[in-house]
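*Asks:* The structure that follows is given in the form of structure tokens.
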Amino acid sequence: MPAVVVNTHAGHELDAVSDAVDEVNALKVQIWDSQSEFDSTKDKTTFRQYETACDRVKNFYKEQHEKQTVAFNIKARTEFKNRKRARMGIWQAMEMLNTLVDDSDPDTELSQIEHLLQTAEAIRHDGKPEWMQVTGLIHDLGKLLYLFGSEGQWDVVGDTFVVGCAFSDKNIYPGTFAGNPDFHDAVYSTKYGIYEPNCGLDNVMVSWGHDEYLYNVVKDQSSLPAEGLAMIRYHSFYPWHREGAYTHLMNEKDHAALEAARAFNPYDLYSKSDEPCDIEKLRPYYQDLIAKFFPSEIDW
């Protein structure tokens, strides 16, 4: 068993918020960025219906938008660098994550491990490369933050956005940012805020949560390519990869990251309506796949 410092938050509450937020969000050798085929018959208008979302989702975003400040994001990144939370393998992390319920996801009632396998299986069935399959398999493992001492669900799940400059009106429920202290700050409330035009997303703070956490965990402990890392880091950055916000902060490198995030999104979002996976049947294949890109244990 890995040595883990565990927060006692009610895990099923996390699945309920992230599931309520994602619920709303919702030739064999093809190149990785070709159009997805598995979702061709799905009614995509039923996903990400935030105007009709339950109060749990709306309350979640109000709290997230009010509390994700510049000061909090600096603190979260400093704490990440100064603390090791656990040492364990990828499959162990998946099993630990399976105890959680994500309250921000409105698109699924399935367990976390089933969503990860659904995503990976959809990518696999479309003939995408192994690195993209394993990226799909692990993309939500950053939600372990909820067990590792997060302050709530608001700093783990939900759509992400840039802090340190004006909050885009393309974010979900943009009016709720009025309760964030940075909304009224003379610098943070301006178009560029603390950043320079076209400075690149590597040089801005996208709100802290499971995307940014997992990216920082795996970027130096895996052999995933840059495209896979971008899929992990930006898959919840919907105002950017879906709505076209924050382009004034992008540099040339970010265009490739944007292409990767958009290629990954259908597998993350639309696989949530699929049937549950047979975990034990799929386990040997994905354990072998994990071993191609990760050591047997990594630091969390």
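Cβ atoms here come from the backbone N, Cα and C positions, even for glycine.
So TrEMBL lists these for the protein:
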BINDING   ARG48, ASP102, ASP103, SER104, LYS143, GLY158, ASP159, HIS235, SER236  substrate binding site
BINDING   HIS115, HIS139, ASP140, HIS210, HIS235, ASP268  Fe cation binding site
*Asks:* State the count of C-beta atoms found within 10 angstroms of the C-beta of SER236 (substrate binding site), not counting that atom itself.
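*Replies:* Within a 10 Å radius of the Cβ of SER236 (substrate binding site) lie 31 other Cβ atoms.
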*Asks:* If you count the C-beta atoms lying within 10 Å of each candidate's C-beta, which of the binding-site residues ASP140, ASP159, ASP268 ends up with the smallest number?
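*Replies:* Selected from the binding-site residues ASP140, ASP159, ASP268 on minimum Cβ neighbours within 10 Å: ASP268.
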*Asks:* Rounded to an integer, what is the Cα-Cα distance in Å between HIS115 (Fe cation binding site) and LYS143 (substrate binding site)?
*Replies:* 13
*Asks:* Taking only same-chain residues 6+ apart in sequence, whose CB is under 8 Å from that of HIS235 (Fe cation binding site), what do you get?
*Replies:* HIS139, ASP211, ALA261, PHE264, ASN265, ASP268
*Asks:* For HIS139 (Fe cation binding site), just count the other CB atoms lying within 10 A of its CB, please.
*Replies:* 25
*Asks:* Same chain only, sequence gap of 6 or more: which residues have a CB within under 8 Å of the CB of HIS210 (Fe cation binding site)?
*Replies:* ASP140, LEU141, GLY142, LYS143, LEU144, LEU145, VAL156, VAL157, SER236
*Asks:* Enumerate the residues of the same chain, HIS115, HIS139, ASP140, HIS210, HIS235, ASP268 excluded, that satisfy the criterion Cβ within 8 A of the mean position of the Cβ atoms of the recorded Fe cation site; list them in sequence order.
*Replies:* LEU116, THR119, GLY142, LYS143, ASP211, ILE232, SER236
*Asks:* Across all the protein chains here, work out how many other Cβ atoms are within 10 Å of the Cβ of HIS115 (Fe cation binding site).
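*Replies:* So the number of other Cβ atoms within 10 Å of HIS115 (Fe cation binding site) is 29.
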*Asks:* Quick one: give me the count of other CB atoms within 10 A of the CB of LYS143 (substrate binding site).
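*Replies:* Neighbour count, Cβ to Cβ under the 10 Å cut-off: 29.
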